[in-house]
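A.B. asks: This is the structure I have questions about; it appears just below.
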Amino acid sequence: MDLMHPNSSTTPAASTDDDYPTSTTTDFSLPSVTLQKLPHLSDYVPNLTALTNPIDRSSFHHPFPGFYLSPSDVILRHILFDLSSAAAIGGGSLLAYHRAGPRRTIHFDPAAVRVAIVTCGGLCPGLNTVIRELVVGLWDLYGVRQIFGVPSGYRGFYSMEPMKLDPKMVHNWHKRGGTALATSRGGFDLDKIVNAIEQRGFNQLYVIGGDGTMRGAVKIFREIQRRKLNISITGIPKTVDNDIGIIDRSFGFQTAVEMAQQAINAAHVEAESAVNGIGLVKLMGRSTGHIALHATLSSCDVDCCLIPENDFYLEGKGGLFEFLDQRLKQNRHAVIVVAEGAGQDIIPRTDKQKEEKDESGNPVFLDVGPWLKSELKKWWERDHPGELFTVKYIDPTYMIRAVPANATDNLYCTLLAHSAIHGVMAGYTGFVSGPINGNYGYIPIEEVAMARNVVDTKDHKWAWVRSVTNQPDFLKC
């Protein structure tokens, strides 16, 4: 269909002075929909087995009309439009993804399935829940019995023996923080990994990790395609920073925001109990400030939120020091929340420090918390000599990521795991499961690996932060 336009036969609605339509009878047409192609084993594996979904024979499930999804069930990526402007909704088609869920036909014989589950990268609340639900879902829904956990991340494929998993073993894993399989960064050797997958007879791979892990999964997927192997791989996006794009959020994020409240509450108590007290809290967020932003909005006790997407400066008019000086005069205390990636451009560093990378290839960040604490003390001693002043610094980084998932994230992890299982059993490969505008879909893993979810400082959510904190915009005139 053509780009969204008012129906020419409809009388234009009367408008108020603010251009709000007073009638709701105007008709609009949508642009055409482009369905994003989802890789399938049939793309390169001939004579693929086709079987009836065993859920049909389950004594616990009684599929109702519409239970099984078809290729025509889709989710739109973008659902917000400005009906007053054709240019605002673009001139192309709407992008859509396949909905996640069970299919009537599957392409794996459950008796022949050998599953490998691996966790890579840093810790995140919910890792054990995802592992548990993958094991229980494969076992109970599809009758898969050969399920293995790969220890220690990607390197575990070629350097360690896999761990046999079953529902009894993983029964209480969702109540534990961390990952029962152990994890690590680095160790990615493509040939060794794919050779080990072939040698061990794995034909379903469930890779749980963040953006770096997803980029590794893309390479494995391409190599599997090149070798024309009947192996399906899916990624389950994990990052406590919530920086993976396209999907609504990553699992563990809401638990992290909830845990961050304890640190902010403690900082507020410390600051309020001192004369000219400042509570400084550093939260996770290397390249994005989602945890800091949501923790600030949730707390209502934060005076200033500093994130990587919004540069700030210390000295001069409109700077952080001027703002804190005014806030301390008004309230006698202040609370600052800073994301770990904020301020990296203004922290002095050597040439060697500029070149440093971690095992995952990420730049090594300098610690903004102690640096900012030191700068605050220097500022006060210079501008307010002899006056009382206290900075209490709290770093809950590992506390907020090492805890078990809360109820919301546990539910989310269950839905992610089951969505991934249904997609893999249906023969899809090279995809990620996740919610898009509240509904679960399948997204090509190559697309997810390239997408980033950063805080849009021109969006309403950042405007809400500034309205709650009344902090400066840090724009130099």
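Glycine is treated like the rest: Cβ placed from N, Cα and C.
Given the structure is predicted, the values throughout are model-derived calculations rather than measurements.
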A.B. asks: Of 1-23, 369-391, which span is tagged region 'Disordered' by TrEMBL?
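C.D. replies: The listed stretch tagged region 'Disordered' in TrEMBL is 1-23.
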A.B. asks: Output the one of G122, G186, G210, G212, G285 that, of all these binding-site residues, has the highest number of other Cβ atoms within 10 Å of its Cβ.
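C.D. replies: Max Cβ neighbours within 10 Å, all protein chains included: G285.
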A.B. asks: Could you measure between T213 (ATP binding site) and G285 (substrate binding site) for me? Cα positions, answer in whole angstrom.
C.D. replies: 17
A.B. asks: Given the binding-site residues G122, R185, G210, D211, which one's Cα is the least distant from that of T239 (substrate binding site)?
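C.D. replies: It is G210, whose Cα lies nearest.
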A.B. asks: At the level of the C-alpha atoms, what whole-angstrom distance separates R401 (substrate binding site) and G122 (ATP binding site)?
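C.D. replies: Cα to Cα, R401 (substrate binding site) and G122 (ATP binding site) are separated by 9 Å.
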A.B. asks: Within the chain of E340 (substrate binding site), which residues six or more apart in sequence place their C-beta under 8 angstroms from its C-beta?
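C.D. replies: Those within reach of E340 (substrate binding site), by Cβ under 8 Å and sequence separation of 6 or more, are K282, L283, M284, G285, R286, F365, D367, V368, G369, T397.
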A.B. asks: Closest of the binding-site residues to D241 (active site, proton acceptor), Cα to Cα, picking from G122, R185, G212?
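C.D. replies: Closest recorded candidate to D241 (active site, proton acceptor) by Cα: G122.
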